[in-house]
Amino acid sequence: MGRHVLLIEDEPNITEAMRFILARDGWTVSSHADGATAVAAVSRARPDVVVLDVMLPGRSGYDILRDLRADPGTRRLPVMMLTARGQLRDRERAESFGVSHFMTKPFSNQEVLETLNSLVAS
Amino acid sequence: MARSALTGTRIRERRTLLGLKQADLARAVEISPSYLNLIEHNRRRIAGRLLAEIARALGADVAQLTRGAGAELVDQLGQAAADLPGAGAETGRIDEFTGRFPGWAALVRDQHRRIEQLQDRIEGLSDRLSHDPRLGSAMHEVLSKATAIRSAASILVETEDIDEAWQRRFHRNLQGDSLALAESAQALTAFLDGAGAARAEPATPWGELELFLERHRFHFPALEAGAPVAALLDDAAGMSAPGRSLTRAWLERYRREAALLPLDEVIAALERGQAAQARLGAARGLPVTLVLRRLASAPPVPGQDPVGLVVCEPGGAIALRKPASGFLVPRTGSACALWPLYEALGAPGRLVSRQLLHSSGSGNPVRAFAVAEPRWPFGAEGPCLSEGWMALLPQPGGDGAGALPVGSACRVCVLAECPARSEPSVMTPGL
């Protein structure tokens, strides 16, 4: 079971905190902060799971997710979306694009660990 | 009880004010005191010659006795009752309530109006919370910083063996993120305070335009004289960007149209009456909607009520209202389906002209001119969008013979057996 996670998040201190807790849990952690080049970053990194923020510079997380789902190579890649917007329609939109899990900020570290472990296990 | 019943109450009030006894007035108009008593207690309808004689004997206009704020007030109270159907308001006795307690009735109306304004505001703010990019960005900033702080704090508390370098790093992050959070929270508070300060303002761009036009009574002497619109826009400084844009477009069109159809011609047509109004602008081949806008932009002609105007956007919602006396336009829900505006929307480009009388039977008739202006913004293969325009021109002294009875909206309408009724009336049980 692979445990490589790519964090696509533009807030450096969130990325740093997640990198710390995931690395301590045994994960290999990569990160990327730009929405416009995020799909290419996924292709290069070939992670086992992606953590994807919704509001990113250059491109929204929804558009990135749609492209990942349209590509046969990443169609089944587990993607957990993080968003500061927790409204029902945001969640529904993410689900319609094929998100694996939707988590609203602020979240607990434990919640992130449990969800990512569950996603790669399934 | 029909709303025209208020006429009897007004006769009684006027007679009492003049210190006339019932018997004196009855003698003056050659009817029995008992019959006058029935009229005054709204148990007999009154119209035509007898009404004219009573008005003359009381030194009043017929219009003063049959209309005024009464019908409008009754309509507005009906709307208030319809909005809270569980409150148990005695809708069958609105006439009596407005007649006996006009001050309290006006208070209920004003409070209902205020509630509607606040509801509009809440909807607007809710919409803003969902779609305003600045607010969305501010919320995102606050929640992102809170997330970073929460994660870092948890790491520091829950990781017993964290080395000093990481510890310093997360302490530094906490310091930076908490300062940024404080700034973001202050900015968000200022934004929300600003939104709250404007709570009495309308929540939609069309609502902002309507309020602006109301402040100027829909008439702009400077534009009639060809002055540029820029100076007038100072008055629109507090509006949202879309509201200001809509207002600028309205004023620029007003200026162009004032040059095409001068105000003196519009006023002359209003003074001459229906036939002249119907011909206005025809000789120059001006669009009907232009003529309707010009009629509604004119200052009131002495002895006449101002011309009303209703604009229906292509999506079907009533976007802008300039009320005509006695003809209320509901702010929420659908309006009376019998209005020529809707007939015009069914046949874009065709002018619909109808004489209307309020369903209460009180008030003067109005002549309505309505037209839907079609546009094909997507080209011939795309959908046709039609914006509906309806002007309501008062017909002072008209007897309303042959006029089409219409209401404001079904739920406050007293018309029995109306084929256009889409929901029951709260005004008359059983309708």
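Keep in mind that glycine also has a Cβ here, set from the backbone N, Cα and C atoms.
The feature domain 'Response regulatory' is assigned by TrEMBL to A:4-120. According to TrEMBL, the feature 4-aspartylphosphate maps to A:D53.
Cβ neighbours of A:D53 (4-aspartylphosphate) (same chain, under 8 Å, six or more residues apart in sequence): A:I8, A:E9, A:D10, A:E11, A:G61, A:M81, A:L82, A:T83. Across the domain 'Response regulatory' (A:4-120), the model assigns an average pLDDT of 92. Counting residues of the domain 'Response regulatory' (A:4-120) by DSSP class, helix then strand then coil, yields 52 helix, 24 strand, 41 coil.
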